[in-house]
């Protein structure tokens, strides 16, 4: 037990391999992802500002969307800046403390995103399936309570796994074949030192419980919503409701599709290099596509964005 505690101090930093390739390609990748990062920030900030500026959008649906866009800004800032630095870095190192902090914030923000997607599905369910009850149930005050719940619970859910990981012995291997401090690669490094079936089980169970509980809730909500949309007598009302729901379902598909591949069984030994690409998809590309998905299929949001940009 004493030796295990001592070996945990032998690792003071980790090496994030990222995307190993020639220096010229690293600079090219830096340029691409830097543009994606800037456009992601601008797109999501535009939605936040449009909802704040346009009083017609001060409704629960758009308040949730603005918070979701702000969440996406936080999400990309938890991993992309460090990834960009590593493209230009020679050593590609990150300290032990910074690595664990990145792990905590990255997973906490991911948990918050799952909760927000569930709350947004609940909002659409009430609006379409229970329209008479919607104004009395989904008040601005209740919507604010849901937003606070998502943020607070999101940062509490993954606290236990991170605390457990800080107690594990990192006995020497410190090379992470990823562009961030992710759960699976860190557990793989520890498993080289000692067997950790209990920690892997706890992390896998908590990840799976969160992912599947929120995913099936969203699917169940939208099954009822789509059934109600199909039964609508008005073609225009049906089209508008379907447009709003299809945007949310597109985001859910992009996010959960890649997340399930990555985190249902962390440390289970995925194909080499596969995890970093699935992580890249939902942590970098999904926040990039979200503003386009939500704005292009929503007339009110398009009108507000045009006014914000001075196009009308």
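Positions of Cβ are set from backbone N, Cα and C atoms, glycine also.
Automatic prediction, not curation, is the source of TrEMBL annotations.
Tertiary proximity for the transmembrane segment (27-49) is limited to same-chain residues at least six positions away from its ends with a CB under 8 Å from its CB atoms, namely 19, 21, 65-66, 69-70, 72-73, 76, 80-81, 83-84, 87-88, 284-285, 287-288, 290-292, 294-295, 301, 305, 308-309. Per TrEMBL, transmembrane segment is recorded for 27-49 (among others).
Mean pLDDT of the predicted structure over the domain 'G-protein coupled receptors family 1 profile' (43-294): 86. Taken from TrEMBL, the feature domain 'G-protein coupled receptors family 1 profile' covers 43-294.
Under 8 Å from some Cβ of the transmembrane segment (103-122) lie the Cβ atoms of residues 61, 64-65, 67-68, 71-72, 74-75, 78-79, 146-147, 149-151, 153-155, 157-159, 161-162, 165, 180-183, 186, 210-211, 214-215, 217-218, 221-222, 225, 248, 251-252, 255, 259, 283, all in the same chain and six or more residues away from its ends. According to TrEMBL, the feature transmembrane segment maps to 103-122 (among others).
Sequence annotations record features per position, and here TrEMBL assigns transmembrane segment to 142-165 (among others).
Annotated transmembrane segment per TrEMBL: 209-230 (among others), in sequence order.
According to TrEMBL, the transmembrane segment annotation covers 242-265 (among others).
The transmembrane segment annotation in TrEMBL covers 277-296 (among others).
Among residues of the same chain six or more beyond the transmembrane segment (209-230), those with a C-beta under 8 A of the stretch's C-beta atoms are 111, 114-115, 117-118, 121-122, 124-125, 128-129, 157, 238, 241-242, 245, 248-249, 252, 256, 259-260, 263-264.
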